[in-house]
Amino acid sequence: MAESETPNRSPEIRKDRVNNRWVLFSPARSRRPSDFKAKSNPQPNNQTECPFCAGHEHECAPEIFRIPADSTNDWKIRVIQNLYPAVSRELDFQNSVSVIGDVAVSGFGFHDVVIESPIHSVNLSDLPPVEVGEVLLAAKKRIEQLRNCESIKYVQVFKNHGASAGASMSHSHSQMIALPIVPPTVSARLDSKKEYYKQTGKCYLCDIQPNELLIDESAHFISLVPFAATFAFEIWIIPRDHSSHFHEIDSEKAIDLGGLLKLMLLKISLQLNNPPFNLLIHTSPFQDDPSAAPSTHWFLQIAPHLSGVGGFEIATGCYINPVFPEDAARILRDVKISN
């Protein structure tokens, strides 16, 4: 057993400077870091076809656009409305509801789906880097459309892989929910970054020196395990250039990100036995304060689901991670992906 994997390493409490919370690292509670694996396939794919497959477009909610735009059954990506939306685009956001002691507004918003491939068995990590980049650019295009709605303040792009991570369909897809509010977790993250900038005069993500936390890098992005990772084998992919909004990404950088994202997904699939995971794009609100621009920096997060969340985490907001980030980064660096 390598010294860095010893279960006798002392617990440590680290401050997550981006999300302004504490994470407890307790390796003695679990096995060696290299032994972590998902228990089983997160979502057995026994189907051969579903409503997201080519030829079944009529079974889906209305389409917003497709790529290529002039394609018929040979489309590569489709962006559609969610058939079971969490929010309604039909409501008037101004129609607020007053409740004594509390505040409620109508559930206005947009809930859309990005179908990442017309083929049922193809995962995002199976696509070549250029096509992963095209999926990212489809999300960018939809975000830019949603910006035209004055009531929308924030768009969350996310991908749930595996039933335990929230996926209800095994066909590879991602989602986005556009809201007329800025969620409190987003506000807390922005405030934490502003505070770091106020103290140091630097953007926290620009200031990161990854060193032993680095997994890999590309021309425009770096991938690392964050210093205070909430989840075991959590990965952040960060733009090298300072940028507040994901939708500012151009085609060259999207393709570059597509290659690094594909590599990270392949690494966690191989090392962790295709675990359930959430992929999240953390960006800035549309109508953010211009003075906050120097401190805000978008990034992409991959959060594998290898253990459950218990009462301590729910009660305190302080997560327990059984794998030190340095160990996780070293293990992921060492995973070799054949071409």
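Just so it is clear, glycine is given a Cβ too, placed from its N, Cα and C backbone atoms.
TrEMBL lists His173 with the feature active site, tele-UMP-histidine intermediate. Positions annotated as Zn(2+) binding site by TrEMBL: Cys50, Cys53, His120, His171. Residues annotated as domain 'Galactose-1-phosphate uridyl transferase N-terminal' in TrEMBL: 10-183. Taken from TrEMBL, the feature region 'Disordered' applies to 25-48.
Annotation: Cys53 carries the greatest number of neighbouring Cβ atoms among the binding-site residues Cys50, Cys53 [cut-off 10 Å, Cβ to Cβ]. For His120 (Zn(2+) binding site), the number of other Cβ atoms no farther than 10 Å from its own Cβ, over all displayed protein chains, is 18. Rounded to a whole value, the Cα-Cα separation of His173 (active site, tele-UMP-histidine intermediate) and His120 (Zn(2+) binding site) is 10 Å. Counting Cβ atoms from all protein chains shown, His173 (active site, tele-UMP-histidine intermediate) has 23 others lying within 10 Å of its own Cβ. Every protein chain shown contributes to the tally, and the Cβ of His171 (Zn(2+) binding site) ends up with 23 other Cβ atoms within 10 Å.
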